[in-house]
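Student: From TrEMBL, here are the annotated features:
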| type | residues | note |
| --- | --- | --- |
| ACT_SITE | A:Thr191 | active site, nucleophile |
| BINDING | A:Thr154, A:Lys180, A:Thr191, A:Glu277, A:Asn408, A:Thr413 | substrate binding site |
Protein chains: 2
Amino acid sequence: MADWQVISGSVTAPRGYRAAGITAGLKPSGLPDLALIVSDVEAIAAGVFTTSVVRAACVDYCRQRLQAKHSARAILCNAGQANAATGDQGWADALESAQLLAEALNIPPESILLASTGVIGQRIKMDALRAGIPKLVAAASETGGDAAAGAIITTDLVPKSIALETMIDGRPVRMGGIAKGSGMIHPNMATMLSFVTCDAAVSTSLWQEMLSRAADKSFNQITVDGDTSTNDTLIALANGQSRTPAITEMGADAEKLEAMLTEVCQYLAKAIARDGEGATCLIEVQVSGAHTDEDARKVARTIAGSSLAKSAVFGRDPNWGRIAAAAGRAGVHFDQQDLRIQLGDFLLMENGQPLPFDRKAASNYLKTAAAGAYLKEDTVLIAVSIGNGSGSGKAWGCDLSYDYVKINAEYTT
Amino acid sequence: MADWQVISGSVTAPRGYRAAGITAGLKPSGLPDLALIVSDVEAIAAGVFTTSVVRAACVDYCRQRLQAKHSARAILCNAGQANAATGDQGWADALESAQLLAEALNIPPESILLASTGVIGQRIKMDALRAGIPKLVAAASETGGDAAAGAIITTDLVPKSIALETMIDGRPVRMGGIAKGSGMIHPNMATMLSFVTCDAAVSTSLWQEMLSRAADKSFNQITVDGDTSTNDTLIALANGQSRTPAITEMGADAEKLEAMLTEVCQYLAKAIARDGEGATCLIEVQVSGAHTDEDARKVARTIAGSSLAKSAVFGRDPNWGRIAAAAGRAGVHFDQQDLRIQLGDFLLMENGQPLPFDRKAASNYLKTAAAGAYLKEDTVLIAVSIGNGSGSGKAWGCDLSYDYVKINAEYTT
């Protein structure tokens, strides 16, 4: 039973946040391309970043900032240029961006965090940014969350946002999140960005722990094409403006807060997977019976990322063999005699043996599930058990369609 | 300078081998589907098998055999049914197959090795196999290598074989190899099989070491879609019929033999990658400057397996950003300031900075290279350096085309 309710308002649903999204002229398309989230007071800040050794300047910048102090007032995000592989000049541009916003907000530059998405190897268009920042600050409002969500996307088909509310100590605590996924029509735009705001009062170390665990169960469990970006960034702020007691250790309140954070991250992660390039449906892979949750997540991720399994789902083909083969090569040890595979309600394999099943009905399940007639969402469910362990985990992906190839092949640099 | 020459004759080029490929009625298509390679005398045998925990009966069978004794007389391979995920009955079928061939050849069943390729979850059609084995043995001849190469393929567009000869101690030593790759028109046929024959005299442990190293530089460095099969098998026989002195330790002769084995494996591995589903060209990724060869191979493999890079090559798009991003996420530490990327003769990035280059000319390179006008082969060359280390390695893949999705989505189980 979920302990929260969905509310409106995106990242500006929690108290004490303003946000904005404007067209600064960074994107050639003329669409919104500059976003701001600002907290009225210094907020606890946690972050999870790309593990790639080829990283954008903003990623190195945020890591340094959060190492020095675990708090921030504002997040600035530009879309259009990734500012990755741009060397010393890119680093100088990042510093200047923070300085400009700090002056406009009249706060120290140390309280600014940065994110960029766009073409690798391209610097931020600094003239447009310089002109845009005062307008961006002027546009910031307590209803600006959706505008921010719209300004961080690149080739995503839809903006992605959510807001939730729960009760802690008799008072409402709110959390909002926005995200962008991997749209690759332009070269190298495969960046995942997400920003979460919350008005709870929580200790810095606990907040970072919660965010890392939530990321492991959400953004780290989605795959569109297996490619990790130079710019992947997840930042979460908690500004204490709910006036609830400070959460400083694990316990009922902390668990409630972490569950809500995990839900926000999973909702956004699934939205990214569903919006994968050329995707016609979301694939949810549930793995159980593993020794550890980590093992289960690894198997789930491998299945969700298998080009063969993804192609089979696109073809609405109940091809359990491809699921079994992907599970087997995940790098997790299990006995193949324990393998059990279920597709929706269809049990396809048990005790490592294929079972007779109605192929036409199973294919029909794929058709209706992908069309949203099964779970009221366009979700295909694959459930796999690999033994008797207590480890379980989920991963999400999308099917592999002609349009994925079209989108990624037909753009010419 | 290569120390060998290409000769004709496939796996029957070395002395003391016979082979056959016949239509036994295992494949619904009526194409050849049963292959035999037999040595006149007991041969040293080495093997490398799938690392998947979901394995076919033949893989477990070969591992047990080779653990008990490192020699064999014959390899039996059926195409059509993978005999994977077939439980106890599949294991019994494997044993019976070996027994039948042993009787027909009048040799002990312990001297038989087995391989299967085809649909996962399907048992071998034993009636067809029983009727086929006497015919197969009768057909075995010293010119049967090409027939065997044709009978192990499934949906490969072309059979794959090679034979080389070198001189050791003034006498010719010959080596032949055949392989099949990942054709996935039918469900779950993504198996890589390769069989190598040689007439050198070599010690068992050295032969296994050489084969493992050769596999690491060839079959383990190709990727069509990242999916590893339940049936992947590489077996190499050395029967000593060249009458050259036994090679029992590393030295000039051993190095010559290993170089030839590596060349045979690389030739066949590249042929598999080039014949990847829907592929229009081979992509060769050369990585240098790594701390170790293993690191270099890992980076090369990640680039060759990147869906985004593969799509870019299909689109003839010199998209260095996708190459940089793939290198960065390979799990190998390097300084991004050391990254250098070259596409054919075009230097696209150096010292981690993108360089200006003629995009049209670079795209034209991709077009002509893919069409075979550059290296007289349909090969696109990507050269990446990640530092000053002495580690280097190569990997091979193919581009990702509409036809990949078509082939893998439109078949209905």
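For all residues, glycine too, the Cβ spot is worked out from N, Cα and C.
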Student: Say we define neighbours as other CB atoms within 10 Å of the CB. Which of the recorded positions A:Thr154, A:Thr191 has the fewest?
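Tutor: Sparsest of the recorded positions A:Thr154, A:Thr191 by Cβ contacts within 10 Å: A:Thr154.
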Student: When a 10 Å sphere is centred on the Cβ of A:Glu277 (substrate binding site), how many other Cβ atoms does it contain?
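Tutor: I count 27 other Cβ atoms within 10 Å of it.
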Student: Mind giving me a neighbour count for A:Lys180 (substrate binding site)? Other Cβ atoms within 10 Å of its Cβ, every protein chain shown.
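Tutor: The Cβ of A:Lys180 (substrate binding site) has 30 Cβ neighbours within 10 Å.
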Student: Are any of A:Thr154, A:Lys180, A:Glu277 (the binding-site residues) within 10 Å of A:Thr191 (active site, nucleophile) when you go C-alpha to C-alpha, and if so which?
Tutor: A:Thr154, A:Lys180
